[in-house]
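Notes to accompany the following structure.
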Amino acid sequence: MSIKLKANLNNPPISGLATAHLINGTVPVEIVWSKEETSLQFPDNRLLVCHSNNDVLRALARAAPDYKLYGETAIERTQIDHWLSFSLTCEDDISWALSFLDKSIAPVTYLVANKLTIADFALFNEMHSRYEFLAAKGIPQHVQRWYDLITAQPLIQKVLQSLPEDAKVKRSPQSSKEQTPAKTGERKQEGKFVDLPGAEMGKVVVRFPPEASGYLHIGHAKAALLNQYYALAFQGTLIMRFDDTNPAKETVEFENVILGDLEQLQIKPDVFTHTSNYFDLMLDYCVRLIKESKAYVDDTPPEQMKLEREQRVESANRSNSVEKNLSLWEEMVKGSEKGQKYCVRAKIDMSSPNGCMRDPTIYRCKNEPHPRTGTKYKVYPTYDFACPIVDAIENVTHTLRTTEYHDRDDQFYWFIDALKLRKPYIWSYSRLNMTNTVLSKRKLTWFVDSGLVDGWDDPRFPTVRGIIRRGMTVEGLKEFIIAQGSSKSVVFMNWDKIWAFNKKVIDPIAPRYTALEKEKRVIVNVAGAKVERIQVSVHPKDESLGKKTVLLGPRIYIDYVDAEALKEGENATFINWGNILIRKVNKDASGNITSVDAALNLENKDFKKTLKLTWLAVEDDPSAYPPTFCVYFDNIISKAVLGKDEDFKQFIGHKTRDEVPMLGDPELKKCKKGDIIQLQRRGFFKVDVAYAPPSGYTNVPSPIVLFSIPDGHTKDVPTSGLKVNAPDAKATKKASSPVSSSGQASELDSQISQQGDLVRDLKSKKAAKDQIDVAVKKLLALKADYKSATGKDWKPGQTSASSAPVPAASSSSANDAVSVNASIVKQGDLVRDLKGKKASKPEIDAAVKTLLELKAQYKTLTGQDWKPGTVPTTAAPSASAAPSVGVNDSVAQILSQITAQGDKVRELKSAKADKATVDAAVKTLLSLKADYKAATGSDWKPGTTAPAPAAAPVKVKQEKNPDPASVLTVNTLLNKIAQQGDKIRQLKSAKSEKSLVEAEVKLLLALKTDYKSLTGQEWKPGTVAPAPTTVNVIDLTGGDSGSDVGSVLSKIQAQGDKIRKLKSEKAAKNVIDPEVKTLLALKGEYKTLSGKDWTPDAKSEPAVVKKEASPVSMASPAKDELTQEINAQGEKVRAAKGNKAAKEVIDAEVAKLLALKAKYKEVTGTDFPVAGRGGGGGGGSAKKAPKEAQPKPAKPVKKEPAADASGAVKKQTRLGLEATKEDNLPDWYSQVITKGEMIEYYDVSGCYILRQWSFAIWKAIKTWFDAEITRMGVKECYFPIFVSKAVLEKEKTHIADFAPEVAWVTKSGDSDLAEPIAVRPTSETVMYPAYAKWVQSYRDLPIRLNQWNNVVRWEFKQPTPFLRTREFLWQEGHTAFADKEEAAKEVLDILDLYALVYTHLLAIPVVKGRKTEKEKFAGGDYTTTVEAFISASGRAIQGATSHHLGQNFSKMFEIVYEDPETQQKKYVYQNSWGITTRTIGVMIMVHADNQGLVLPPHVACIQAIVVPCGITVNTKDDERAQLLDACKALEKRLVGGGVRCEGDYRDNYSPGWKFNHWELKGVPLRLEVGPKDLKAQQLVAVRRDTVEKITIPLADVEKKIPALLETIHESMLNKAQEDMTSHTKKVTNWTDFCGFLEQKNILLAPFCGEISCEDKIKADSARGEEAEPGAPAMGAKSLCIPFDQPAPIAASDKCINPSCTNKPKFYTLFGRSY
């Protein structure tokens, strides 16, 4: 079988044909010529329509991979793709890219990989098709060399010689110009369209249902064109339906407007309808829903209804009778006053997580006339109700909607099902979002009403009429929208892309004219020129478009900027004339060009390197030039993408329209309104107003108004005229002089401040919206004027140019550098902040661009690249450089305003003021804080005080410093790193949200990167900056600040004592919190005064003269002596710990060590260096010899990325794990669960999404366990998730353990609940009041209920998916018995089932036992447990628990029954038992390895995966089909045999990739089947747990695969059992206990069982402060008292706690635990 290439005679794919000849030896290709579009038909009858030559190249290269035409590596393929894309951009004209191509080809023979690839073929194809045209322009040397090389290829020669005559004619040079329009007409750029599910040719019906309340915008156009596309593609029907369900919005005028817009889009619907056609039918349907109790009439006010829907509270009218609903419905139909208060709501599900399903409104009463039905109806359906009905009635097969309607799909189908209508298929596509604009009808209307635009067809508007008026062609618009396809990816499209599509349409057809800037032109005197008129083509590539007249003469005009580019003695090419030699450029005294003298040089035809100019001859009659204006537009919104809560009105103050008067070509008089033209070297324009001769009334001609049409380029076209917001050269020069505009800037600054105050005042007073808008608009205009005057944005608190003295010339550059350096630092912080907050990409890109511009400016000023920590050299400051009193007064004033406003906000909140009032006050407060930051450069913090005014100047004695910046910067960076590290640790200890911590970690990493850039070394803990080598003696003449520091210290001490006292007295949280805030404010004040953070050993120090000494000067006897004492004391501490001394002894020694270190810091000013433990100090002192390093287990060698032959680093796949279980357990675990597709992280800390792969494991556990307890007689039920406070606190002992973890619901919307409601941490207190009702007699017992649900425990420990989460799934069983023995038996029966869950399902060994008194369930008699062990961390984990509650709860909740014999009331005996999704985490930790998950066969979602192997390019199609059929048959047989089996038949992944994928997901068995296996009637089974390969005959798979799965399970269980056994140690003395604990073991030790003794064991076995970083620090806790005791307690045995004198009762299992 061969590939059939059908080549188009009109546009033959030359290089595609060459490729076909090349691969024909191994992949036969049959070539057929036709006049149809080029296409490829593959042996399997797949048809690929090739819209370009590149499609042919790609397809053939992939069909013959052995030839490596598409490259060998990913880098090569990427480079080839680049050149393929590049060739497409050259379809119309490649000449602009020849210089780039010449540079690229100069050093190489071929484009990619130094060999012939389809990249060469693609580019050759484009050059060959227009070679004559390029040759006339001049082809660079290297491009010509490469072109000749490709042309000389035998394959190319063969193709060119074998072309049919028709094709040769089409390729002839003479016809190349004629070919361009044809080629444009053939261009087809369709996007990715997905076939509609269930669509049949000729039966598809789609609809476009706009609301007739406005003009269509580009988003509507996409919807209309997509519907039209599918209607045409399937030869179906397109319905144009006006959704006129809201009489208040629809008008007949807008219906006509929309029909006109559709006509412009060339959309011709097959059917026109209105939703109102079906009003009578919908009335009947509404009555039907009411009668069937599927709808009800409701008079809940709108705001309350919204609140109830948010809180999922049912309406009071929901339970009304059908009769009452019908009666109220009649009132609505009449439109009575009573009826107008009601609406009809569908009765769906108020508890649904989907808000659209919470009883939506389907009918409302509106006593308004309808444009079509008049006053016939008083009730109207909602769109959500009408849409599914009309779609069903009109036989719509596919309802196309944007993805924003996805939540309403369930609602749509509910109406269909409830009314038993035909069900259309809903197909979603992404909404079209454009940057720098708004598509909201409400916001667009605001622009029109505010007079900011001319109307709905304003060229700046995204309406269909607006963009068409600006110059968009219907064809360009259609191509752009269709290119988007039916993708569901929501992205913001840049306007450049749509205009780039448009350019491809208009470029071949737009006639060329000339226009010069009227005010900026120069006369050229051309010697030898005569006045004559010539005819030239209006389009250089298409003579069929007509001719234009060009006047030649001795005097001509050119643009001033072009005159500046002329060089005397060189030729310049005057377009449409020829080369002219420039003789003299005449200038006046000030250097401005006045005229140019030149001479004709038409004989010279060398146009390669000449300057190309547009020009106009000087006409005798000035009226020959039509008055012309070029109008340039900018986007209506200055920000690319608006944030969710951002007000678009904040980004509209910029200039969006600019008119430039031009000297127009006389030929422009012929242009008509709507014509699209090109002003040469200026761009494309659309004639908005055509020229009209002088009017008889005014005697003034009507000027030509040309609207600039963007062409998609980001760079300006040379001399393209004044662009919006681009100041001219003179303006720039003026702006550069700070003195000239300082007065204006100062005045503007004052006006902006006043206007800002006015805006804030209006907002705080809740003024009318339009009044605020006017004030804001004026404020934005003032800011724009300020920017024009100063060249920079206005910022709060900045001083204008007039307030600063003009710097001396010698220091101005340095001052500028200082300013730019500060701006760079600030912008860098902003970029890091944006990245930390996960801001949108456009926003980050804009900030990065600004940062790069600042760095470039810095380099220009200083001559060197900017580096982190750089401090530019500045001129010596004068004595008057102290901070001004005025500035300090301003800061003090802002601080007082912040304090007052803060008090106001707190008063409003405490008084329960309405939200709007509070919000206004908060906004004012935030504005004041922003003013504070602008004035001081730092954020406002509680307790901040204004800097004191400078009483006297500071005298600074300055001495030479060889490297001032380096020392200062290193110190600064080290301080920042330390502070940031402290901040992160605080966040982690406070259990802050993951996203918040991640943002701070990123900032810390950035600081460490800056440190490395500055010092060349990695930052390490304990790093100390080198001491400065200069001495700066500073004399402070101010008063002693020591007294202030001392005062604050005493206040801190007193406040700390007060808080500790409150906590010891168990004071309420609301009492303690204000005191803590006061303490924090005092610590902030201490830091302000002393310059360092408060520590417990902080002391008041008198103000002394600080000296920063060199390292030599620091070598003092006091320092040496302290260093020796600290080292000696450190040895004492380590010795005490090594000898297992009592905790009191160790604590005392550690306290001495800390005191010595504090003294060291006091003497030296630096912390004692931990790393190295250096001795005596002093530059030349030798350090103590380091201790002999202890041997550590060898770590796996980290593999570096392999390099290819060229030395480049090859890309590595990120499919597998990048952390190992042995080296980095947390990262490894996180990667296993995410890459194994077990969980997805969620934005609520501690809560996670369980994906299908993990939930299947939970489902397997649930299914097995539920069947087992059902056999025991346990029934299933469900109780509410909410618990009242009174009930929860009934059992004080029970709630004690849960109290800190209980999550409370305190609000309903903005209102406080009357009483807080708890979210269940467990369900005893929820279920037992019901048990008390249900149990009356012994006949009601036993009650044995179980529920599968979720619980919430708001733990403050570090959340870990599965192992420790704030919400988790579990099963909880609650039973009640009359007989205690029966209850006790059930406890152990359930425990046995839990043990089987682990051993039988999860292949994990467990220890069964009873919890100690300290660890048992609160409120129970005793707790039994199964404990598992995770050797990777050396920690145990509680697997499941079964509690005997005794009569504790039955006495509390009065669950009693009457004894049949004594007739007395007796309390029941109760049990509770549960197992959670924690089991999944245990399974992962125990079994998973460094390749990913290892799933036990009994719970694996897929037990065996079938992977076809051995398919190559040489595999025949019938062999491939046979292999796939055999694999599918194998899969079917295994499924029939009870094996959960699937096949991986994806053809876009290699077998190796699939192997890695399924290994990562832990599938127990991989079954490999290849052609050879098929012949041998066998398969290869690969075990995931051991990677062992086993060959199995296909005939025996039904027996051997299940048996092999059982073998795998046993093997995994045995391996885990051996691991657990080897890590379980029996110990009888404390030294062994601590030693084995540190070696990651669990310990069986004799124990007395006392709670106080257990606390002591846990405390004493905890790691000390100086233990290995990163290792678990907690002490050992009791895990359980095993049922299987290792040995009886002997008389000589002692409790494992060395200080305990009690007799041990049993061996207890101890260990570190999760």
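Note that the numbers count up from 1, one per residue, in the order the chain is shown.
Backbone N, Cα and C atoms are what each Cβ position is placed from, and that goes for glycine too.
Swiss-Prot lists Gln1438 with the feature Mg(2+) binding site. Non-local neighbourhood of Gln1438 (Mg(2+) binding site): Thr1425, Val1426, Glu1427, Arg1478, Leu1679, Ser1713, Tyr1714, each in the same chain, at least six residues away, with C-beta under 8 Å from its C-beta.
The Zn(2+) binding site feature in Swiss-Prot is assigned to Cys1648, Cys1653, Cys1695. Look at Cys1695 (Zn(2+) binding site): DSSP puts it in coil. In sequence order, Pro1646, Phe1647, Cys1648, Cys1653, Thr1701, Asn1702, Lys1703, Pro1704 make up the list of same-chain residues 6 or more apart from Cys1695 (Zn(2+) binding site) whose Cβ falls under 8 Å from its Cβ.
For 172-182, the entry in Swiss-Prot reads compositional bias 'Polar residues'.
Per Swiss-Prot, the feature compositional bias 'Low complexity' maps to 734-746 (among others).
Per Swiss-Prot, compositional bias 'Low complexity' is recorded for 800-817 (among others).
The compositional bias 'Basic and acidic residues' annotation in Swiss-Prot covers 1094-1109.
What Swiss-Prot lists as compositional bias 'Gly residues' is 1172-1181.
According to Swiss-Prot, the domain 'WHEP-TRS 1' annotation covers 744-800.
Residues or ranges marked as domain 'WHEP-TRS 3' by Swiss-Prot: 890-946.
According to Swiss-Prot, the motif ''HIGH' region' annotation covers 209-220. In the predicted model, the motif ''HIGH' region' (209-220) has a mean pLDDT of 85.
Long-range neighbours of the motif ''KMSKS' region' (438-442) within the same chain, counting only residues 6 or more positions beyond its ends whose Cβ lies under 8 Å from a Cβ of the stretch, are 213-214, 217-219, 432, 462, 636-637, 642, 648. Under the heading motif ''KMSKS' region', Swiss-Prot lists 438-442, citing an author's statement as support.
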If you count Cβ atoms within 10 Å of each one, which of the binding-site residues Cys1648, Cys1653 comes out on top?
Cys1653
Shell list (Zn(2+); ref centroid = CB of Cys1648, Cys1653, Cys1695; cutoff 8 A):
Phe1647, Gly1649, Glu1650, Glu1654, Ile1696, Asn1697, Cys1700, Asn1702, Pro1704
Mind checking how the domain 'WHEP-TRS 1' (744-800) divides into helix, strand and coil residues in DSSP?
43 helix, 0 strand, 14 coil
